[in-house]
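Some notes on the structure that comes next.
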Amino acid sequence: MTYPTQPTASHFINGAYVEDTSGTPIEVIYPATGETIATVHAATPALIEQAITSAGRAQAVWAAMTGTERGRVLRRAADMMRERNHELSVLETYDTGKPYQETSVADATSGADALEYFGGMAATLTGEHIQLGEDWVYTRREPLGLCVGIGAWNYPTQIACWKGAPALACGNAMIFKPSETTPLCALKVAEILHEAGLPAGAYNVVQGLGDVGAALVTDPRIDKVSLTGSVPTGRKVYAAAAEGIKHVTMELGGKSPLIIFEDADLENAISGAILGNFYSSGQVCSNGTRVFVHRAIKQAFLDRLAARLDSAVIGDPMRPETSFGPMVSERQMNIVLDYIAKGKAEGARLVCGGCRLDRDGFYIQPTVFADVTDDMVIAREEIFGPVMAVLDFDDETEVLARANATEFGLAAGVFTRDLTRAHRIAAGFEAGTCYINTYNDAPVEAPFGGAKSSGVGRENSKAAIAHYSQLKSVYVRMGDLEAPF
Ligand code: NAD
């Protein structure tokens, strides 16, 4: 199968597509059919070396430009991404299986938002002047140098931009390794950035599995590592980066709580639960997969949820009316089916879904379990698929303690009409991102990241600048200098 947007080679290094077929082949599979749509090759050590040396050369050129000049390139790239939104969305759909209905409004568009936002900020990045009597100190906000970005498979375009945009705005160069499951989209990001005027080599894309990621992370020339992935991978990458005392951003997994009180607007709460469990077929890190529903509204919630799930349009992701697509891979589908089997075996009550669809591709029905208890595996482990666990509760203090009783802390949500309770709960949540009467918004203007095992650092917003730059303090003495001898 061919489609118009397919990149022309496996890697993008020093401003151009590069192929080396001696690297291990990685098949790219369209999740909606199971067909192989492309084959890329893992980067060889020689290609990794090329990527790092070209990034080093480019970084010196890029950092020497003014912030205004750097910002102009990023903003031009943002405009190009928006102009090419259709072709980029088609590619995102082929890479991930997510419906075009989603990709056309959530992927290249949010990548473009990041490029525009950090492009606009590039010229405003300054140090400060600190007067000390007649002497003074000034600070310089300097780039870290060479940054490695490592992506997960659920949002390949967005992740490539969320890491690349702030890194480049600060004057760094980036080497990005996409997930081996979705290798195509980041190549387009690199192509567009260079077409927009980025110096050759300032944003390179190399393909590969964990070993290629590990080779990048451990290279002594790399100053910073930003990973989006699971907690177990995060532990390994964080430890490897620590050996070299490198800066890190860790965007990891979650098992986030969503609390629905008896006074909530039921339709809105169900919309939140749907967005927080079934968007992208449930493959969203911040999903609110532990849905605590007050016992007084439990039955009404479950009845109405089941009715609304009935209207999901499941099928060909390229059809505009499709609102629910396949899992990203056969492997991920099997992981999720295993969790569904565990939920049944543990005695959770299957309200709807629970099966693979009888068609090509890796489709699982939107699945809801009720009567889930805190100790069940499906309530404790990240499933990363369309499986909602509904748990009952009676009391605010009790539910907040249960919501926080997890090693994860990525996100958390609450639906209630009680204003003070909403803010009390948000203050009590142990999570990096909280939602009141909404779920899973992620605008570039707001910090995004995890508490506890869900991560370190923040992406997006002004906060990201601190994670891609460092301050140098310069002391200036105006008079004579005294010394003890
Ligand atoms: P994963 O941890 O399996 O892989 C993530 C990336 O790390 C891949 O590119 C992989 O090749 C690479 N990798 C694996 N081992 C490595 C090593 N030793 N050194 C360097 N790189 C290595 O995750 P996944 O299955 O691709 O994605 C799903 C996970 O990502 C879920 O846990 C999800 O919650 C998380 N996620 C988090 C966020 C967030 O922003 N917090 C966003 C999306 C996904």
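Glycine is treated like the rest: Cβ placed from N, Cα and C.
Feature annotation from TrEMBL assigns active site, charge relay system to LYS163 (among others). Within 10 Å of the C-beta atom of LYS163 (active site, charge relay system) sit 30 other C-beta atoms, taking all shown protein chains into account. Secondary structure from DSSP puts LYS163 (active site, charge relay system) in a helix.
For GLU251 (active site), applying a Cβ distance below 8 Å and a minimum sequence separation of six or more within one chain yields SER226, LEU227, THR228, GLY229, CYS285, PHE448, GLY449, GLY450, GLY455, GLY457, GLU459. A strand conformation is recorded for GLU251 (active site) in the three-state DSSP classification. Annotated active site per TrEMBL: GLU251, in sequence order.
Taken from TrEMBL, the feature active site, proton acceptor covers GLU251.
DSSP assigns CYS285 (active site, nucleophile) to coil in the three-state reduction, placing it in neither a helix nor a strand. Counting every protein chain shown, the number of other Cβ atoms lying within 10 Å of the Cβ of CYS285 (active site, nucleophile) is 25. Residues annotated as active site, nucleophile in TrEMBL: CYS285.
The active site, charge relay system feature in TrEMBL is assigned to GLU459 (among others). A sphere of 10 angstroms centred on the C-beta of GLU459 (active site, charge relay system) encloses 24 other C-beta atoms.
Annotation source TrEMBL lists K(+) 1 binding site at ILE29, ASP95. Around ASP95 (K(+) 1 binding site), the same-chain residues at least 6 positions away in sequence with a Cβ under 8 Å from its Cβ are VAL28, PRO156, THR182, PRO183, LEU184, CYS185. Following the DSSP three-state reduction, the secondary structure of ASP95 (K(+) 1 binding site) is helix.
The NAD(+) binding site annotation in TrEMBL covers GLY151, ALA152, TRP153, LYS177, PRO178, SER179, GLU180, GLY253, CYS285, GLU382. Take the CB of TRP153 (NAD(+) binding site) and look out to 10 A: across all protein chains shown you find 23 other CB atoms.
Neighbours of LYS452 (K(+) 2 binding site), defined as other CB atoms within 10 A of its CB across all chains, total 17. Annotated K(+) 2 binding site per TrEMBL: ILE245, LYS452, GLY455, in sequence order.
Among the features that TrEMBL reports, domain 'Aldehyde dehydrogenase' is placed at 17-474.
The annotation cysteine sulfenic acid (-SOH) is assigned in TrEMBL to CYS285.
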Which of the recorded positions ILE29, TRP153, GLU251, GLU459 have a Cβ less than 6 Å from any atom of ligand 1?
TRP153, GLU251
Local backbone state of ILE29 (K(+) 1 binding site), from DSSP in three classes:
strand
Whole-number Å only: compute the distance from the Cα of ILE29 (K(+) 1 binding site) to the Cα of GLU180 (NAD(+) binding site).
11
Nearest to ILE245 (K(+) 2 binding site) by Cα distance: which of the recorded positions TRP153, LYS163, PRO178, GLU180 is it?
LYS163
Could you tally the C-beta atoms, other than its own, that fall within 10 angstroms of the C-beta of GLU180 (NAD(+) binding site)?
20
So what's the average pLDDT for the domain 'Aldehyde dehydrogenase' (17-474)?
98
C-alpha of GLU180 (NAD(+) binding site) to C-alpha of LYS452 (K(+) 2 binding site): distance in Å?
27
